[in-house]
Amino acid sequence: MSMGSPGCEHTGCTTPLHSPLYISHTHTDTMAWLDEADDIKPPRSLLGLPELRWPGVYLPYYDRLALEESPWVLRMTEAPAPAAPPSSTPEPNQAKPSQPQDPPSGTEGQVEERCLEQVQTMVVGEVLKDVDTACKLLNIAPDPLDWNCVDVQKWLLWTEHLHKLPQVSMMFQELSGRDLCSMTEADFRQRSSQFGDMLYAHLDIWRSAAAMKERCPPEVIADDNSWSDVMRIYPSQPIHLWQFLRDLLLKPHNYSRCIRWLNKEKGIFKIEDSALVARLWGMRKNRPAMNYDKLSRSIRQYYKKGIIRKPDVSRRLVYQFVNPV
DNA sequence: GAGCAGGATCCTC
DNA sequence: GAGGATCCTGCTC
């Protein structure tokens, strides 16, 4: 499947589909999974709409969960599904009159529905995991309504970093989460004509995720890694630097460009972008002046404690957990 | 110049 | 007191 160009010219929908935040680009592992899952095909209504792949797959799940507070969901689901565009070079099986393509048989339709359900569940799981991770790393509540002004700024800085946006946070100063949630998409665009719709869509995902968490029992949306389990068990514990680093390492689809494992079994990791890791740590600890010099000093304090050390073959920006998971 | 090592001091919880 | 932030000097790559 190809992603194609952004936009929604097929449906005429006004929803800002160019926004990567409909399905965050952080879900690269999910996207890779989809690319590899050749045996799982989307419904025929989605074929021929490559640029609508994610919204098309994603939205029905939200629709099923009746997230009526997400207007962009409703707009999309209301849009008529257009027919697949004619192919100039039809595939051999399409030419066979004995294998009519439309309408799909009942069994075929059920298979499509099951496949779609699998994809939807997986995608939503990834969204919730990413929101969960961001909450832990930023030390903010999952529900935007609970954010204070500082939390809002953290979230904005985080979103800037994650999606490589220019500085937009200054356009939303002195706003609480409740203020933010009461704003319309137009209000967002008024503050940032270029990225307001992206932020609005992203905030919508967070609000939807918060609503979903209220509906779903914890075990349904539980992260499957043991480290996050520890974080859930001790949510009020102040996070340590080594915990923070390990949390980043355990989310490679989000943070591999700033920190990654060199040898996970031995606990050896490399900080790829020292400035960014320091900035993230500073955000987590409310220390705007944090830099890598300070962060690395804190790492070196772990040498004496036997938590982190330099690997046997010392390399720049490479460290090793003494007791890897 | 960037990263590393480690001492010293201060702050917060 | 523990953990971390900050500042510092000196060294290596």
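Placement of Cβ uses the backbone N, Cα and C atoms for every residue, glycine included.
Per TrEMBL, the feature domain 'PNT' maps to A:126-210. Summarising the annotation, TrEMBL assigns domain 'ETS' to A:239-322. Here TrEMBL flags A:79-111 as region 'Disordered'.
For the domain 'ETS' (A:239-322), DSSP puts the residue distribution at 38 helix, 15 strand, 31 coil.
The domain 'PNT' (A:126-210): residue composition by secondary structure is 62 helix, 0 strand, 23 coil, according to DSSP.
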